[in-house]
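Structure first, then comments.
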Amino acid sequence: MTIESKNYPPIRRVNASQGSDAAYQILQEDGCVIVEQVICPNIIAKISDDVNRVMDKATIGAKKGEQTHIINMHNRTIHMGDLVLTSKTYRDELLNLPFAHEVLEKVFKKDSGDYWLNMGNILNMLPGAEAQRPHRDDYLYPVSQHMDPATSPDLMINITFPLNEFRHDNGGTLLLPKSHTGPNADFYANAEDLPAAEMQVGDALIFTGKCVHGGGANRSDKPRIGLALAAQPGYLTPRESNVNVPRDIVETMTPLAQRMIGWGTVRTKDTYGLNMLQDKDFHEALGLKSKTA
């Protein structure tokens, strides 16, 4: 798929007060949507404080073995996972955010059944960071390249929360709206020509794994920090494992949040159980406790 025209559609937005149906409708039509005021900025500030305390231990640039040529990972970006252990607010608030789950239910329930996390990740674009090459997140799973994007079920939904303001000049996520139904191929475009998801703290960008996108170049003098929460059908193996989370922490989480991090049985649309233990439900077999929502 060669991207030639610079007359790209705008990234449409709704206010969270308009409801998840309004956001889902645009997501279906464009492959991406900005939802304004979807979460209290104070919640994001608490997560940001937790992240900043350990940011100096995070990976700078690409990890060994990563296919860096696909998305142009470089030494001016910091990637950080392990958010379940890093932030109680992330565990309690973000993993249970009602608006997010309303959208995810609409996307996955009919075609796939239950969903869980692919990963929760911090992407810190430092000053001087170059733009990523436009790409699709679905390419993480090779089967996606044998599927017709226009008719196949979604394999991933990314919900990105800005931890500080997202602008075109500081590396705000660049997207090509309506690209989610185009053919599978390499993508060629001047990333800087794509529209940027400009957002304030408390907003969120939701886009499908089929939507062509990439991190923008940071030409400002301050970092641009985002938290990406990626969800996928429960029949796909997540990128990030949470087996390192101690049981005593897991048992402080809701059943929904536990399932999101892989500590729970998921059901396909045909109700078959996956991630079971001793042929029993995960919680039953382990006697796993949980917190009431």
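Positions of Cβ are set from backbone N, Cα and C atoms, glycine also.
Other Cβ atoms within 10 Å of the Cβ of His213 (Fe cation binding site) number 30 in total over all chains. Taken from Swiss-Prot, the feature Fe cation binding site applies to His135, Asp137, His213, supported by similarity to another entry.
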Among His135, Asp137, which are binding-site residues, the residue with the most C-beta atoms within 10 angstroms of its C-beta: Asp137
Asp137 (Fe cation binding site) - helix vs strand vs coil (DSSP): helix
